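What follows is one structure encoded as structure tokens, with my remarks underneath.
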Amino acid sequence: MPCLHSEALEFMESDSATTGASPGAGTEKSYLRETVTDPPVVRDMGWFFSPLWSPRSKTRSRFGGGGKGDQVEAWLDDHSDFTRAYFLRRASAVSGPQEESPMPRFPRSSSDHSDLLRKAHHRRTSSPPTSSYLNLSSLMDRLKPLASNLRAPEWMERSSPDILGSHSPCSPCSPRSSRCSFFSNRPLSPVWPCCPDLPHSPHPLCPTTTNTAACGNGECCPWMLELLRGGLSSMGSVAELCQGAVLHAGELLSADCCSLSLVKKDCGGRNTLEELIAPTALGCLSEGNLCSHAHLELVKSIMGCVMATGSPVNLRDASEDPRFDFDDDQSKIRTVLSVPIKAHRGEVVGVMIMINKRDGCDGSVSVFTNMDEKVLSNHMDVLGMVLDNVQLYESSRQEAKRSQALIEMAKVLSMEHRSFEILLSKMAATIMPFTRAQYCTIFIPSQQTSVVEDQVSFSRVIHLECEELGSTCQIYRRHRDISDVDQSSALRTLVAMKTLNMSKSSEESIKSLICCPVRNERSENVIAVCQLMNKKSRDSDEMEAFNRYDERLLEDLSVYCGLALQYAQAVQITEERRASIEVTQEVLAYHITAAESEIQALQEATIPSVESLNILDFHFSDFGLPEDLTTQATIRMFLDLNLVQDFNIDYKSLCQWVLTVRRGYRNSVPYHNWNHALSTAQSMFAMLKATDELQTIFSRLEILALMIATLNHDLDHRGVSNSYIERSQQPLAQLYGHSSLENHHYNLCLFILNNTGSQILSGLSAEDHRTVLHMIKRAILATDLTVYMERRTEFFSLAKKSRVNWKNEKQKDLLRSMLMTASDLSAITKPWPEQKRIAKLVTMEFFAQGDKEKKEFKIKPIDIMNREKSTRLPYMQVEYIDDICYPLYKAVSRLFNTCSPLLKGCKKNRENWMHLTEKADEEDCENSSCVALETHKNNEEKMQTEE
């Protein structure tokens, strides 16, 4: 709501300051400060009907400045009766003796102003009818005491030109000036018009003959009172509301003719005027004369100017204004007053025009005065606020309806449907009741549709019809052939790729139509067209045009239809890929599964003992071992650990599983192949057999998981590291994200375990099956050195304790992980000849990856993978032992003394690599090598000291 005039507030503050000795004045000022923080409560709207009040005023308050001053003004606006009584007391204090007693301080509660409200109401209802008219002359006489406290120049600057009777060409009230400028020049009187209790001053401020009423009934303007009391519900539709405003304002200003148009945005987003109230004759001018083409064009031109500028136009002689083309055919129009209708943010929402004001005495045409302009502007301000509220209400109602429709369509989309057409039908049926459309058709174009209109075509349609059954409606899906449906509008929409809204049609059966394209969000191609036809009126059987809200609902439907189409396509692609994966798995299972003859040979073979195979020895080497003995050694480990007997493993399934796992490794990879898998499994087997404590700590299910994990931990290894796979953006990296190789090893292990004939876990219960698979996965992922480096600190701390509680599942999982790494790295503990052979194989694999990195990524690989750094292999092996291997075997040996051969073998190989380092240093002692050699010697001395 608008604030009180800033000059009035300034005067009230300065007046309080001049009477600062009075306790009452101080009390009033303090009261205002304390109550500005309270939320304002509208108590009276009497000041609202003043002809000089403008809700668009941008005048800043001088009441303390800033936001606080605005709050004070807002509070005074919302408590107009209190403000009126205050100015009464101030006027009495200036013109008469002041009371000695201080003014009582009003409570903060707004409910305690009821006495003031009752008194104000009593004054309004008990006063004679003539007092409701605003007599500016008598009112200014009453304001003399107030004005006498201001300096003369300041008062003259703030006086209204209408009251002073001066009309300067450059004054704010000039016809070409903005209506907003009137507010800065208005007097104090409009704050509280028609108050009969104001004291009369014997010295009038300025003589004036102006005796025009602000409105026909002043505060009691019936149109405004009815509007504010009952709102739109009492005024009927928007057209009826505007009709009442036109008739009331026309009668008030004695105009011959009135018209009102509202602003509407066209398809291009430009503002245009749409005539709501046609030119209505109120006086001597006949409606037929005004409705001529020439008159209407002039009226439209004037109203368009007002809409474009947002300022009133007051033509005292229409024929002399150079802005408009005037000819003899328009001689009936002589004086014109047109004002904009603005919303609360200042945007123009309509234009009101008055033509030919008639003099009340002789009926001659007279000019519209500045007061007429203000009166009409204030009425249009009220109308603008009401229209704005109507628009907000309608928008909120439509948004609520739209939200409900969106929720319903989302529910339909989330459900499973037998076919895509049923899904689209249900979604289309969702919005039909909201738009009140009689028909809804979804056109699906052909696959090879061209963008040329005469070449496009539709393959099929989904057609729905709505039938009203009393207060409800029933929606049916009708089978319609594509040739039986009019495709012209849908084809235009398909080609233009824009929404088409037609309020009329040449065909009698179609009264209104709207089409919207359905786009594929990825390709932006139109994949369907949604069409609504025949919108029924809410109150009758007549058809009406689809509005912008209907367009938005149809566009929402098109979005959901697009999602449904993409969902259907995604489901189809998923099903096709699933079938493709199943075929691929069948092919893989066929080629990875060992031949029946191999399975039978292993099944019938006599499995050698652990002693003859030497698999209990930590220094076991598979070098030179025949391939059939490697599989027999694996079978022997399962037999010796009693896993076949404890878990009821079918012997033939075990033989097929072992042979299939062996085929799962790539023979082209130098190091990470089947021999490495066998060596890892043998190291785990040796630790379990040598350490009774381990067999006590681990359950039988855990031992089974560890043995399966060691054999499968590098299945289908490609001879490259995880970093290379991620950098080259291979599918494995996209599939898993981290520990790509290890996740792939586990999934292939799971595939073999589920392969027909290799299901060695079929004898387990469902719970044990889930448990063992979880442990296998954890064990395989633990072989990623990144995981080892993250968890080893915790394990090393555990190894330093004198006693460990291995019943804790978290500690057991940590122990299983560390034993997996110890088995995986056990090549570093083998006898020196075996260690040298394995180091050579590892170097071949690493150098091959380094060559790929140079070629593909144009980067220099790290030293261990750089072929140019091959001479530094001994140094790198010593670093590898010091940083990775030795701390692990030291911790394992501390926990389990029977595993100490692993630590001894690691130390022995370190000494051998150190010897090669010293030998290379003697031949070519480079600075970097000498420094590295010295570091390794220091590490050796440190290890000896710790022992």
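Using N, Cα and C of the backbone, Cβ positions are placed for all residues, glycine too.
Given the ranges 12-32, 327-347, 852-872, the record in TrEMBL names 12-32 as region 'Disordered'. Note: the Zn(2+) 1 site is recorded as His676, His713, Asp714, Asp824; in the same chain, His672, Ala677, Thr680, Thr710, His717, Thr783 also have Cβ atoms within 8 Å of that site's Cβ centroid.
The 10 Å shell around the Cβ of Asn673 (AMP binding site) contains 19 further Cβ atoms across the protein chains shown.
Of all Cβ atoms in the shown protein chains, 23 besides its own fall within 10 Å of the Cβ of His672 (active site, proton donor). Spacing of Asn673 (AMP binding site) relative to His713 (Zn(2+) 1 binding site) is 10 Å (Cα to Cα, whole number). Rounded to the nearest whole angstrom, the C-alpha distance between His672 (active site, proton donor) and Asp714 (AMP binding site) is 7.
Separation of the C-alpha atoms of His713 (Zn(2+) 1 binding site) and Asp824 (AMP binding site): 9 Å, rounded to the nearest whole number. On the 0 to 100 pLDDT scale, the model's mean across the domain 'PDEase' (595-920) is 95. The Cβ of His676 has fewer other Cβ atoms within 10 Å than any other of the binding-site residues His676, His713. Binding of AMP is attributed in the record to His672, Asn673, Trp674, Asn675, His676, Asp714, Asp824, Gln877, and the widest Cα separation among these residues amounts to 23 Å.
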